[in-house]
Each structure stands twice: as structure tokens, then as C-alpha cells.
Amino acid sequence: MAREKFERSKPHVNIGTIGHVDHGKTTLTAAISTVLAANSSGPGKKFDEIDSAPEERARGITINTAHVEYETAARHYAHVDCPGHADYVKNMITGAAQMDGAILVCSAADGPMPQTREHILLAKQVGVPHIVVFLNKADMVDDEELLELVELEVQELLSKYDFPGDEIPFVAGSALLALETAVGKPDIGRGEDKWVDTIFELMDKIDEYIPTPERETDKSFLMAVEDVFSITGRGTVATGRIERGQVKVGDTIEIIGLRETRTTTITGLEMFQKSLEEALAGDNVGILVRGIQKTDIERGMVLAAPGSITPHTKFEGEVYVLTKEEGGRHTPFFTGYRPQFYVRTTDVTGTIAQFTADDGSAAEMVMPGDRIKMTAQLIHPIAIEKGMRFAIREGGRTVGAGVVSKILE
């Protein structure tokens, strides 16, 4: 019997709220969820349900994240909101909640603040592709010119970090007043309240401006090798979970990482001891390859569509260093530190050549709990790409989490 598919008629998009503490991220999340509850299958989430987010573990790090779902006429959204600033940093770097786009919440009464800047920088570094801005607390600003001034400041900040500041949609409103009105009148529609309308306007902008992401199955094929064995008379099988794309018997693929890249043909696909013609993203499969010895493939290599990914040894990454309480180091580390970089399925030793602070200055050392940009040099080439997540390990325990922000060589 065929596996039951999760049916959904609307395209799905993952978004999240980012911005400075107390500018209204969680209130906005609650307001959107409550205003759209009438159109959505699920009930709206209250502020305190979102604010007391449960702890999750991603790559060995504890993160508090709230997940909210809602629908517009056009799409289904999964929305992530984090209670604390440290949770944002950890969430964005580990990719625990992937974002196809973000809502930058900035208080119109205060203007951009340090974390506004930091979250924009982080969004750039970890590859959040699109941002829409909500200028919150607009009810506290009587002067239209002041509102325009804040909008200009935020635009400049976005442009500074290579987001298209002048194209990004801005909506000014009051999340709190919209939330209070919507709670009092759950089936409120458009045109009934000016603050609730700003929430509808924001969602219209998100529907229009944040593109529907390419589905995992439509991307180029990639599978990280977890195990290898040989079947007498048939050849070598590499097993793993297909990360993206799809693959068929007869396809040409490349074996990448740790050694010279090799090209081969798929002669068979197996899942749960049954052979298949094709396999898709998310499937755990065994891939039988032609003319390859068992000794030619090892854990840590990837099988991928030809030309889609290349091996590298040097990259820049945005890294969060775990605190002692999180099981990380008790002491700082310095340039020249040689940990293991755990990428996809394997550890590769590398040296940290330099640390760079947010302002571009070189840092000598990094303390547990810091976030820093670093340049790493691996001893073996492996398949790496921008946006890929990795862990930094030392003697088998995770001491840092990172994301590749730039390939150097």
C-alpha cells in the first residue's frame, strides 16, 4: 500500500519574527495568529502561550522556540518566535527553524537598536533570503515625519547588510492594539479596525514579497554517505538519507569529498529491502553504484548531481560558542585552535585561522557564549556550500555550532 501523503492545497512557507528585545515580536506573532485564526484551521495563539516557549534541543544545544501556524488566502505559514535574544542567535545559527523570510519588528517609538542591527547581520550571514519590516507601536508616534525617519534609518541599516532596503515592504501598525481588538472580536474582517487592518496589510505584503521556496525534491540531488558495504556479485552500496532532490536508476552522480571527485552511474536503489526506480528527498536509501570498490567510498563523502557541489577546505562561518552550562568549554579559545568540524555525517579536523567581530576588527580569543565570525582551514576537502550547518567538536562533545557564510577556497 502506498504511504499516505500529508495533503495540503496551499504552498507552505516558513517565516519568523526578528528584532530588538521589547519591540513587540511576540505581540506581533500573537496578533497575526489571532487575526488570521478565522481563516486558519488552527486556533489563534495567545501572547503567554508564545512567550513561554518550550525548550527544544538542536544539535545538542537547548533553544526556546515557539512555533505558530496560520493561513492566508494564498498560503500556509509556519512561524517561529524566540523569547530571548540568545535563543535567536542559537536558532538562526543551528538552523533549528529554517526561515524562508523574516519579519523585522522595529519600534517606531525607539527606532533601530543594537539587536535590530545584530539580527539583520545574522539574517544575512545565515542566509535568510527576504525581510519584510513591521514598524510597531505606531500608535505612540503622532508625527508622520518621525515615522518616515525611522523607516529611513531601518532602510539604511538593511542596505548596509546587502538587503535591498529601498525595495523591502514596510508596514506601520500597532501589534498590541490589533491583538486586543482581535481577541475581543474573533471573527473581525478587513475594514473594521485600522490597527487590525495593518496586520492584514502586513500579511498581504508577505504573501507578495516573500517567494514560495523551491521544494526540496526540485533541488539538485544530494545524499551524505552514512555507511558503505558490498553485495557479492552486485557491487558497492552507499546508504544515507537523501537531503534534497530526487534520483533514478541509471542517473550519473558524483562522489565528492575527502579524495578526488569520481563520477559513477546508479545501478540500483533500495529502501526497506525492496528495490525502487526512484527515490526522493527524505528517503533513507541504499544506492548501488557501478565500478566503485567498497574502499572508494566512506562516511563523510556525499553523492550528488554532477557539478552541483564542490569540495573545499577553507571557509568563513558564523559561529555560536556554547557556554559551560550548555556542555561547552569552560575556558576561551584562541586563533590556531584545532577542533573537529562535524559536517553532515563526519568529523574533519581543521584549524581556526582568524576570528572577526561584527565591526570587522580581528578578535584574539573567543569566550563561551560568544557569537563570532571565523575562518577555518580543514585538513581534507569536503563538500561544503554557503548556508550549510556544522558543529565544532572537541573530544566528541559539541563546543560550538556554526553556519557557512562564505566559501574561500
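Note: Cβ is positioned from N, Cα and C throughout, glycine not excepted.
What Swiss-Prot lists as domain 'tr-type G' is 10-214.
Taken residue by residue with DSSP, Asp22 (GTP binding site) is part of neither helix nor strand, so it is coil. Sequence annotations record features per position, and here Swiss-Prot assigns GTP binding site to 19-26, 81-85, 136-139.
Annotation comment: Swiss-Prot describes Thr26 as Mg(2+) binding site. Thr26 (Mg(2+) binding site) is surrounded by 23 other CB atoms, counting those within 10 A of its CB over all protein chains shown.
The average pLDDT for the region 'G3' (81-84) in the predicted structure is 83. Feature annotation from Swiss-Prot assigns region 'G3' to 81-84; the stated evidence is similarity to another entry.
Within its own chain, the region 'G4' (136-139) has Cβ neighbours under 8 Å at 23-24, 27-28, 105-110, 147, 172-177, 195, 198, counting only residues six or more beyond its boundaries. Look at Swiss-Prot and you will find 136-139 tagged as region 'G4'.
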When each of the binding-site residues Lys25, His85 is scored by other CB atoms within 10 A, the minimum falls on His85
Students should find that the Cβ of Cys82 (GTP binding site) has, within 10 Å, a number of other Cβ atoms equal to 25
Cα of Ala138 (GTP binding site) to Cα of Thr26 (Mg(2+) binding site), in Å and rounded, measures 16
CB contacts under 8 angstroms to Gly19 (GTP binding site), restricted to the same chain and 6+ apart in sequence, sorted by sequence, are Lys25, Leu104, Val105, Cys106, Gln115, Thr116, His119
Rounded Cα distance, in Å, between Thr26 (Mg(2+) binding site) and His85 (GTP binding site) is 12
Sequence-ordered list of residues in the chain of Asp22 (GTP binding site) that lie 6 or more positions away and have a Cβ within less than 8 Å of its Cβ, or none, is Ser107
